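To start, the structure itself, in structure tokens.
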């Protein structure tokens, strides 16, 4: 406890103005600490806060009292209690979320993201690491490199952290033995090489005793490197790296106080900008020249990565939120299909084919996972085949967006390559991802221009193609009514085709079962086939339970406006169950059928179907007549 | 190569957050409590949208028990920023004459917690900016920058969205509202340094001056108006005091000090040994009290 106390510089008392001037020029480092409770992580952070004098007397008094009551260090101060936050967590004795701590030295301000090391909290670590320049990976000197060490290192590397510090803690418990330290470093080097981690800094220390925390410890004269805090104070910052990259700014907001001023506000993602610079606005590609860099404190001569500014351009070109202003001769790529690494953060599994919202820089678009190539086991780092990603799952997958966006690979520019996925119904953030590269076909290969197009097909048949999408519970009467509708349309000379469970499940979708993921894929395939048939000019009828709103919406979006007709066969569960034409409800109730819609799997009724049929008031014949009327008038 | 200083980075981050909200929210509002943190937040908002005025109103949830100096600065600050100022006083609290002398904890509950909910519902604000910082208190260290509240304004610490990079998901589920804290990553020292550097006007009570005081329950209280009831044996004594945090005057403890300039305040802060919230009666009850208050809807 006799380490130098950083902030009580004599200068504060003697010359506060000189002190303040010096502190104006401090820089900022964000880092993350990874390790479990047992590694002494909280103790280490508590020690950093304590030694940089950020613990006040009243906090300290509470800490001393708490230490005696619930601490794990006997009568000694338990630094871990300083950083365990919420009451519920304190009772459980673990930290379960990301907490941010602050401390400062003469040279830098530090923001520490403290995340738990338990396996189920990959999500928290990725979140904390996403804004960090550096990761401190804690290792218990007695235990060496463990599975969780590899997991934390992999995640830090995955999120693109360039500076790794291997903090080999509890050296006091191995008699400050150099051989122990070197063996662990060699083990780690072997592992780091395998996953592509470059240089790292290994520091032997003791959080509990304060060795090599704020200054080099006399207990380990064999160690010639910096103390942890010295290293944190001098390591290069990521923001500096981004200044060397070409200029990019994602427009957040168009500033229009009056007709004479139109400014584009945003934070510079990379590079520098000066008035007179030629810029290109993506994805449109129009070019112009920067005229002013406007700020509250007056116009600037130049601005650089990290600054929030407002630019004005010489020309009246189309530019709004979501577009990227970039250096004209080195613009970013624009694409709508990517290979990415995706980290899943929700209890509901990720389903390929299901549309999600994707937020990338200042854009929000619709995206679907088109191909989950493999899942990564964070413990063994092996690739495993998977159909879905569960909570904390990490996979490499292809994404398809509903429109093309300017982007950069994540490793080049995190601001233009990192994205989150949002559930369209709950609005929750369900996943986070990093773009590797654009798929070639998305920017190089154009659709085959077809001479005999869908309009020609339809014209020959003298009809408007349509997709009549029947949805409703099992036993609601979908197939019966759809059959009648097809007969009537056929009699009227229309070219039709009915897709239902019988002709699809036995062939095209023979490989699919009834899990949520398989149901989504089933509907996706039916939707694609139906679309091809409408391209051929047909009136297609489908009769599938199709219980999820998002899949029905996905199919709707495949078709031109007005061609998707959602027909809700509205039969209450009690009625459908009483009819039970195939005896399926009985089996489901008996537990013999799993994932049965209405029993142990939800049905999401359409909110605004084009046609709603109440089968408790209409016969199948009447219902079919209503639908045919609606189609032919 | 020119590295941004920590204050430049903090400023830029806060401006980015303010602009994201304005771009994505329907009816944002800024909660303005007149303290130093609010002063910084308002200043950042003016910077974020310049040359436009900040495109949202200021909301002051008043308790009628703030210091007189605070009311004076509030009205002037809103005018100078070119922003609409909405002052809301809970009519129930007004009718029942709720006050800090007779009603204890109920005072904060009804005027502030209830008053805030009523004001947000009344005006249909979907996003409210607040000047809370993560370094203030342990439970705030885990607070998101975008903090989601249920339809009845409750905060569920277990059910907050992960925040990655600079990507804030501002989409709401039905009935939800969002509290956004643009200065989450600022510390008390950052705030003071920034006020000093930028020349931001703050309430004079932060600076030491001789003021009429009474010592009660170990707190030095300022007798700011004639509503202050003296107890037997109490005597109003002029002391050279200042405040490290400002709230309702009968609940806010002063410190004896001679610091009358910003550098002196910062100097005192750096040499001091107690945390700033200690001057507030509200946090003392139990160590998890702030967390409880937040779950109930207190900012």
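Each Cβ is built from the backbone N, Cα and C atoms, and glycine gets one as well.
Caution: TrEMBL annotation is automatic and unverified by curators.
Counting every protein chain shown, the Cβ of residue A:546 (active site, phosphoserine intermediate) has 26 other Cβ atoms within 10 Å. According to TrEMBL, the active site, phosphoserine intermediate annotation covers A:546.
Sequence-distant contacts of residue A:171 (GTP binding site), defined by Cβ-Cβ distance under 8 angstroms and a gap of at least six in the same chain, are A:141, A:177, A:180, A:181, A:204, A:205, A:206, A:211, A:212, A:219, A:220. The secondary structure of residue A:171 (GTP binding site), as reduced to three states from DSSP, is helical. Summarising the annotation, TrEMBL assigns GTP binding site to A:35-42, A:114-118, A:169-172.
Residues annotated as ATP binding site in TrEMBL: A:472, A:473, A:474, A:475, A:476, A:477, A:478, A:479. The DSSP secondary structure for residue A:475 (ATP binding site) is coil. All protein chains included, residue A:475 (ATP binding site) registers 24 other Cβ atoms within 10 Å of its own Cβ.
Averaged over the domain 'Tr-type G' (A:26-240), the predicted model has a pLDDT of 81. What TrEMBL records for A:26-240 is domain 'Tr-type G'.
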Other residues, Cβ within 8 Å of A:472, A:473, A:474, A:475, A:476, A:477, A:478, A:479 Cβ centroid (ATP site):
A:543, A:545, A:569, A:571, A:576
Report, in whole Å, the straight Cα-to-Cα distance of residue A:115 (GTP binding site) from residue A:474 (ATP binding site).
46
Considering only the binding-site residues A:35, A:472, A:473, A:476, A:477, which fall within 10 Å of residue A:546 (active site, phosphoserine intermediate) when distances are taken between Cα atoms?
A:472, A:473
Could you tally the C-beta atoms, other than its own, that fall within 10 angstroms of the C-beta of residue A:477 (ATP binding site)?
25
On a simple 10 Å Cβ count over all chains shown, which one of the binding-site residues A:115, A:474, A:479 is most densely packed?
A:115
Among A:35, A:472, which are binding-site residues, the residue with the most C-beta atoms within 10 angstroms of its C-beta:
A:472
What is the interatomic distance between the Cα atoms of residue A:477 (ATP binding site) and residue A:41 (GTP binding site), given in whole Å?
61
Which of the three DSSP states, helix, strand or coil, fits residue A:115 (GTP binding site)?
coil
Separation of alpha carbons, residue A:115 (GTP binding site) and residue A:473 (ATP binding site) (Å):
45
